[in-house]
Every structure is written in C-alpha cells, then in structure tokens.
C-alpha cells in the first residue's frame, strides 16, 4: 500500500463551460495532461475519475488509469469520485485535484502532503478566506464516512468535512500561491486564465 496517491476528478458535466473542461487546451496540451504532469512529478500512483462521455478521449491522452465512478454512486458528484479513487488505489492519504485548476504547481502537493499526520482525517487549504476541499488531502479512513453520506443521498463536501477532524491550512502560512487554486468554470474565466498566463 502506498503512503500517498492522487485522485483527479474529471467526472463533472462542465455545463457552465460548454464542453468538457478536462480536454480544454492549455500550454500546448490539455488541462488534464497538464494537471497529471504536475501530480505525477510528486505522486507515484494517480488515477483519473472520468465521465463516461469522455473516458476514451482522456485515456488516449494520459499514461495513468482512467476509471468511472463506482456504478451504484455514478453521478453523485465529487464524493463519488473520491471514494471510487480510494477503492481503486490503496493508500494512507489521497491528494485530490479537480480537472479545472490548471495553474496548480507540484510545489502544492509537496506542501499539502507535508501537512498530513495521523491525528487528522483531512488537510484542507484556506485560500483568500475560502476553503478548498477539492485541492485537499484525505486519509483513507474517511472512505467509510463518504459511503455513509452517499447512502443518505448526501453529496456535499461540506457535509464530509463536518464529520472529519480537519487540519485547515492557511495558504499564506505555507507560502502557497493563490494563483495555484484558480479554477475555471466559464469560458470568460478560461480566457482570463490564458491572459494571466501569457502576462507572466
């Protein structure tokens, strides 16, 4: 069993974006390829949780396993994706990553995993005053909590965090760059993110 593994969530419908965000162009590749390049530089084992509509396209782009949600919980949001990844790879801790935060840095995963310790169930960054539960780390013991929530048809990350002993980490305290956490939900945000990138 690995100590650390990574789970990339690419199962959302991207309805506000208008096309699958995982496949959006970014720095000569795609969001998903860029994010995986960053993650696999820090983590040996990474799995992508994909929407069935784009699974084959994602598989052609990446060199890591691409799976769908556990059938019983298919389409139940990020909790279903996280627990599906936990079932696929055995690890003590899982670094979670959405497919729509293309600015993420490998430094973030180093910082995040350094913050883990057995007394906590989760390590969640707070960036500009906002919790970022999808750019966080979760201990494998939360798997049972996720199953219990899904059984009760509860799907929110906030409901999971309320049941966990969470170590909240202020981005400023660990020298995390707020730009790493920018997520792209609309075409306007995508255009802005590309502009910001070209201005660097």
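Numbers run from 1 along the shown chain.
Yeah, the Cβs are placed from backbone N, Cα and C, and that goes for glycine too.
Within 10 Å of the Cβ of residue 10 (GTP binding site) there are 26 other Cβ atoms, across all protein chains. What Swiss-Prot lists as GTP binding site is 9, 10, 11, 21, 69, 100, and the listing cites sequence analysis.
Under the heading Mg(2+) binding site, Swiss-Prot lists 100. In the three-state DSSP classification, residue 100 (GTP binding site) falls within coil.
Taken over all pairs of the listed GTP-binding residues (9, 10, 11, 21, 69, 100), the Cα spread reaches a maximum of 18 Å, rounded to the nearest whole number.
Cβ-based neighbour count (10 Å, all protein chains) for residue 11 (GTP binding site) stands at 28. The highest number of surrounding Cβ atoms within 10 Å, among the binding-site residues 9, 21, 69, is found at 21.
Counting Cβ atoms from all protein chains shown, residue 100 (GTP binding site) has 24 others lying within 10 Å of its own Cβ.
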